[in-house]
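The active site, proton donor annotation in TrEMBL covers 339. The active site annotation in TrEMBL covers 370, 498.
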Ligand SMILES: O=P(O)(O)OC[C@H]1O[C@](O)(CO)[C@@H](O)[C@@H]1O
């Protein structure tokens, strides 16, 4: 596509100049004091998600320049090309069409095929739910064939079938599969082998181990107790699986929970709620596709990500969901963002002279508060934080939810307002040393403040709200990746380690060290006990 890379645009130069004065002059506390309309202007309602961007280190001019940058880099044309099915994953010659999976019947590319698979998968899911004999569903998959369903199920726990237990096995470490198998009986279990390629070592090894266990336990009717979700139907059949739900190579692994890979979700939630999940994502797709850039939430989030990464130089972003059900969201987002945008060359293979994907990490509030928030408040690095708050709980326990929300609000406010040494000096801290000089103590108790955060607010964590939230993240990652001019849809960086593991596996048996570096050879010898 004939658009300049972001760092070669006039808008980038203007942003660099703007940053030089912004970095010394901008303070969130002053920005709010001087502008009573800041919250109103910097917050917006997107489908299912209200976003408060006002506690970010941005001025009106910052956003205007970032939007200009998006235009100069052809963001809209790049987005439209992806949505239309152009082969934007050019290093693999593939289209990128996860959005087609959630388009209503009759809309979007491949609609007939998508809906035929969806109908078949949902009918099967309903059958499993109604079966009565199946009590355990074990998803064997890794990466995108694991993290999506594994994240969604606890998030939507209130909607999950009460008579079924779901298990997720991803690691080739037998300590993952063995404790699950201990709790199972073959006649009550459905194994889903989830793998886009049906060649991934971890998944194939676990699937073989599960099959061996099933047969050794006297299991019969493999066809009834194993299903596969894959693009490689032939390999699944060779494995002995006849119930297979397919999808195409234009669904990236980390974008695949909407496809057949979502089968455990469909079994857990049922057809109606699975369709609601898709509908929520589709609503966000429409917002991304048609809303002006100025009011387009994934675009604004992606632009602020670029601002922080490339101008402020922030290297990580912390995600703090104030909802225990979203406990796996940070892990899911790690794959989504870091596997997508953890790249070092542009579309033409030229080395990028600027930083790309930040490290994404986090834990649910309030547990994170009592672990690493210390660093967020007083550490030497500034780490933008993303708070996710949900207004209505899906439990009925009294008194807890208000406390949770108060904590979420308090953290974003504390990061921003901080505490001066003077304020600290005036306070009495019950646990403080009585002998330490009061001014020294005040330095320890000072918070710099002016630390940025975004708050995303959902009314309720329903299937449709979760669908919209995940799609929001997908499009935000697209936005920053498109501006950086990299391919967000390949993952060559995982290949080398896979190949070397293939080389090392027989050496663990033979002890052969020829051609290895001294460190690897030494470790190999120790592992073999010599
Ligand atoms: O679904 P598959 O083909 O087993 O791949 C699993 C995961 O492995 C990766 O290719 C990375 O190794 C991910 O992109 C993917 O989600």
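Keep in mind that glycine also has a Cβ here, set from the backbone N, Cα and C atoms.
TrEMBL: automatically predicted annotations, no manual curation.
Locations of recorded TrEMBL features on the structure.
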residue : record                    : contacts (Cβ under 8 Å, 6+ apart)
339     : active site, proton donor : 143, 254, 491, 493, 494
370     : active site               : none
498     : active site               : 201
